[in-house]
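For A:1-54, the entry in TrEMBL reads region 'Disordered'. The annotation transmembrane segment is assigned in TrEMBL to A:69-86, A:134-157, A:169-188, A:248-266, A:302-323. As annotated by TrEMBL, domain 'ABC transmembrane type-1' applies to A:130-320.
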């Protein structure tokens, strides 16, 4: 990494005291401060390596690989994805094989996390619950982030009618209470998979991201470097992708990673109300909902799925944070 | 200097009757225009190859709007901008892109004119990505390094980011980007006003050297009169969206005939304690009128000590005043005043001219 301090330009400290704003500025300055001829640099050599040219993305990746926060959170996420796809990797039991006699029992040999209200093994259910919860969290966040940042970004960039119409539409969605909307929307759906829930969360989640993206794009758009690119003849696509997007993505990343946790919790709420995921499906949300009423008698029932949810949300927030920092050259 | 550069050559850029009004609207659903900010209200000038035209005036007089219209970043309300005889304000698509190669811009604030998330190599190389015909792909890295070298930066720094540079160095990066396409004209919108005084001289001298090397024509917009005099061959003084006086640098600085120019020049600080009190400063009263409510007749009359009823009735045209026509004196240059009078500037360190 080049050390920024060596970028100081020694010649720029040359003073010309009192010359500011004088009429004989020309006569005084012309002789003493002519620019150096080409080839003779103001900056000392050294401090940088002559490698291949780098870009923001290659620098960011180079940075991320050395960031322990990124490595740890990425490993946690990879692990979560693996057990979502193949829960049998670490859990041999059946999450639906329950023995009501063991209701709310504590840890026992072979059942390290104890048993829930129905006498099912909490460990197995926590492992199997990852699939539904991670799918809902990741897909809903990705959907809302993509839809929201594209629509909001375009509204902020082009303005005018498109912006006015989009802002009013997002106001309408903001006005729908999430739980009430969920009861109405999801009660008519008979499909028992996670997709209607994801669709509903995306539908109500995108306006939040769109507002953030719209504001970030409007801020980035005002900078002179956008005008400079336009003056060079750059088209809208290049300006959006090369100049606006990298400078507007940070707040969207932050809001989206925080929203991920909210969306998993929202799935839990909807499941609790009976309109989210239906019981044969195992999810952290369903388990947290049922356990929350028994927290005094059997805290372990709540602890494990809630802990798994917290670790997942934390991993995504840390990942988002690391990516955001890596995309800001000033923080390197 | 003025005449030999202009000679019999054709102007490279002609601005004719340039007007830019920004509408003031009222109402949310049904927008109704209730007025207009007359940022630029009838500006004409010519720019000749290889010369520097200074545009001076106080904040809000429309200097930067002129620059943005010249760069085709804003469409003019009316008027024409002719580049080699072709009206560039009506161009679009590939034709406009081709013209952009020849007219480039250096921005005022080096802290926002460079994308903080691009390396210096990407910033200076972007013109080649947009105009691939200028440099073949394999040649671009070498061209970028050459450009950095030309503006006095270490070519090794291509992988650095703008925040790692000082203000002066950033402005050099901005100049390198402007030079990349080998333009003939560079519009400089207050290129040094955001820099330290010590660095201003370096950047101005760099720009002069580049002008000699590449035969560039500059439109140099500034409010610092000393720098304008240092770099410019001709000067246009703007007030409230119009040019009030124009001429060679010696004509404007030493023989101003418009009262506004005289007041402006009398405000230039003189770094000589002995001269304090000895200078006859013209103190203008009042503020610049709002460009949304421009005075009738002469725009300067509300603050002018010479104003008479005639100034309210008739707008003075920008032309050589009758008193100096065919006089052969340096005061013979266009000045938009009914009562133009020469007022010899007393330069610091010089004896008053009697």
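Note: Cβ is positioned from N, Cα and C throughout, glycine not excepted.
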Establish whether the number of Cβ pairs under 8 Å between the transmembrane segment (A:302-323) and the transmembrane segment (A:69-86) reaches at least three, counting only pairs separated by 6 or more residues. yes
In the same chain, who gets a Cβ under 8 Å from the transmembrane segment (A:248-266) while lying at least 6 residues past its ends? 133, 136-138, 140-141, 144-145, 148-149, 153, 178, 182, 201, 205, 208-209, 212-213, 215-217, 219-220, 284-285, 309, 312-313, 316-317, 319-321, 323-324, 327-328
Sort out the residues at least 6 away from either end of the transmembrane segment (A:134-157), same chain, that have Cβ-Cβ distances under 8 Å to it, and list them. 80-81, 84, 163, 166-167, 170, 194, 197-198, 201-202, 205-218, 221, 236, 240, 244-245, 248-249, 252, 256-257, 259-261, 263-264, 267, 283, 285, 312-313, 316
